[in-house]
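In what follows, a structure is listed as structure tokens, so that the remarks can point back to it.
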């Protein structure tokens, strides 16, 4: 039978605030299979602390340093800094000052943005959801996509110019090569990207150093350039405008990294100090960018007055300058230019990688398309645009890059204000009560609750940030100075204008943002606390009634069932924050609602008849929608027959009365019928009852027969099916001969072996078989039973004492040392079946004992018996070693979970051999196997113990975590999957203590009961496991509050 696999994914519906499960198409299944080739599967999903790789922090630091050196130390950065003199007519001094100031001011943007990566585990624009909200971040993502594609176009065109200048290849070939290599690395993801960049960091920067050498030979032309610019008699105002435009251009070169800086830090430990990340990023970008910019400004100044360079620049772009500069070095010069060409690819890879992630922010449905597909789409887009704009690099550089500086400046200003002003203290973080799920000291200890990265209901809507962003855009429009538009204020600076967009968008946005937060900020001074000492569903009652105030709740004391859909607040502190006048009005509304919503709470129960239980539950479950104030418990899959209700007394009484009416109606409308048929065939007959009839009429059976419950016509239909099916089935007993007289256990083992090897396949799916000693009981349809009965008798007629050989001895340990593989191969070659019992091994001639083969039976048996003997000798040669671990109990804890093989493999390095491990006591481990293998394993385990002792003084450690008893079942997970995963991943031992006691039923838990989970292991693993458990508890509590 063909098996069709269907995968599922969760989809967040922004209109209904619900998470739906969607089934993927075959097309998506095919795409995800391609991910197994090694491409990065993860999209914008957060990397949680427990998911982060076990790579040393300093190793990650070195990789990121290599990434920035390769990306920023190359032609991409250099291409912008040929322009200050060639296009903006600045002398060398002014060009250098404007460029270096702009570069280093821009470096501060990605340096600060990158600090969000380790602590959040999120991509840069995913963290922007906390700022702009679920909807406006989509617009921001589109802006980032445009920016990164624009940079990629610049890289491709510059690469084409380089190859064109040194070879016969046309411009299109150079563009295509940049695109293809960037696409390949971008598809394989962050790990391959980091390694690729680290490898090429040094060669690309050495190539820039060599460019310094060839440029220095023409340094004398700079004086001619400065004199030529002085002769232009440019006014001071115009020169100032040009200086400001160059500064904006230089600022944009480095600041635009801020749109994706944290993307490359998501693998860093979340406890990495922010100052380390800031300095690493600042220096990682600043050093290669300044190094590349200085020589580019000098080269541009030389080209201004040196005719050969100037002409080649007009014909081939920046590639023309590189070609003439390295021309005296002949072949080696071309090689250096090729290395510089590769530097373009290093930069372009990062754009290709990060840009693909931004598509998944535009719409949640786009996350189902694998990241590598978006990487391909991005590559195709910028390839087409680069081919279309290949003749206009200067215009792209001069007019496109400052536009990127506008938006990133608005973003970083927003981020600084949010982090320093509106989240800088615990008092201001209390304003974000939805995000932090309360205002207690522990929950607001961090700037953001990153667990809510994909939960819009728990984040700000972003209205203030959106308004501020739009005001910043208005300021940018007033100050922009581009070919296609010159702002009103930009026109007023000199003859050619000045690019003032960066300054204006910052100032307007800084003024607007605090005003948008005024109402919330006042909460710091005006607090009104109301304490309501009664049960009240406040969030439900007050959702739409209290205006202009922030409502939060302290002392969440839940009571009810562990699986309830709604919860109450008991002893609730309602905190109202806002202006004094609004708080006074809100206080009156809260008290009024409290009076309306307060009532006596009671618990009721109703006993139902067992046979009609499921009918009554099916009819009464809709009452949950009618009475949302109540908590219901229905005994679906238990032996109980009691329905429990809990909630306001009046509502409980109303619902209980309706349940009684439903019960009376069902008792009147339904009948119960018993049908007696032979007990042996009950299970077979039940298969013939159609499932739709089973749904309409409850059918149960026990040793006495069937019990049918339902409306009369359905009951009659089921009865007819049962009576029609019953005669088809029969039971037959087969008595077998005694193969080995005097020992019935031998016969049972032989029958079991033949059932597994020969008989079972003939009857699987047709009926049921029981066998005991020399007796077979067969149940099924008459014809099938008769046929199988005949087959069994014919098979066992061939089993005689001459075809059965018993080898006394204990061979059970053969299975433990992988010796059974050798034994099985030899037995199969000789057509011998074997079975290893507790005291003997049994061999049966599997050739059906025909006359021709009996003569060769002795030799075939002898070969198998010899193999048994060899295995026995191997067992006798096994050596045993006992290691006393003493205080290293943590090692034993990890062994208890059955993970010792995984733990030891790294140390044993293939020396396992035929080994078994056992932990007979709490402080020792027993190893048994061949002497050399035992010695190797002993040495390996001792090394492991020493490693643990030397690693920061790890010792046996114990920690107790308290979790609400009501969510214990959800925490452990179905079939204890979460439990097993925590034990396996962290190598710890878990115990559940002090479980909350039931009040009326095992499903009713006391309001304040807590369960203690004891974690034992080395301290690092214990802390990791505790963090996983607490994170899961927060997630479950968040889901319960949503429900």
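Each residue, glycine too, has its Cβ placed from N, Cα and C.
Sequence-remote contacts of a segment are chain residues at least 6 beyond its ends whose Cβ falls under 8 Å from one of its Cβ atoms, and for the transmembrane segment (60-83) they are 99, 151, 154-155, 158-159, 162, 193-195, 197-202, 204-205, 208, 246, 249-250, 253-254, 264-265, 267-268, 276, 280-281, 284-285, 287-289, 291-293, 295-297, 299-300, 303, 313, 318, 321, 340-341, 343-344, 346-350, 393-394, 397-398, 401. Look at TrEMBL and you will find 60-83 (among others) tagged as transmembrane segment.
If you look up TrEMBL, you'll see 95-114 (among others) marked as transmembrane segment.
Summarising the annotation, TrEMBL assigns transmembrane segment to 135-154 (among others).
Residues annotated as transmembrane segment in TrEMBL: 174-194 (among others).
What TrEMBL records for 243-266 (among others) is transmembrane segment.
A Cβ distance under 8 Å defines the sequence-distant neighbours of the transmembrane segment (278-306), meaning residues of its chain 6+ beyond its ends; these are 61, 64-65, 67-69, 72-74, 77-86, 91-92, 95-96, 99-100, 103-104, 107-108, 110-112, 114-115, 205, 208, 211-212, 215, 218-219, 221-222, 224-226, 228-229, 250, 253-254, 257, 261, 313, 321, 325. Residues or ranges marked as transmembrane segment by TrEMBL: 278-306 (among others).
Annotation source TrEMBL lists transmembrane segment at 332-350 (among others).
For 371-390 (among others), the entry in TrEMBL reads transmembrane segment.
As annotated by TrEMBL, transmembrane segment applies to 396-416 (among others).
Per TrEMBL, the feature transmembrane segment maps to 463-485 (among others).
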The transmembrane segment (332-350): which same-chain residues, six or more beyond its ends, come within Cβ distance under 8 Å?
67, 70-77, 151-152, 155-156, 158-159, 162-163, 165-167, 174, 178-179, 181-182, 185-186, 193, 196-197, 200-201, 203-204, 206-208, 210-211, 214, 260, 264, 319, 322-323, 325-326
Ranking 135-154, 174-194, 243-266 by the number of C-beta pairs under 8 Å to the transmembrane segment (371-390), which range is first?
174-194
Out of 95-114, 174-194, 243-266, which stretch has the largest tally of CB pairs under 8 angstroms to the transmembrane segment (135-154)?
243-266
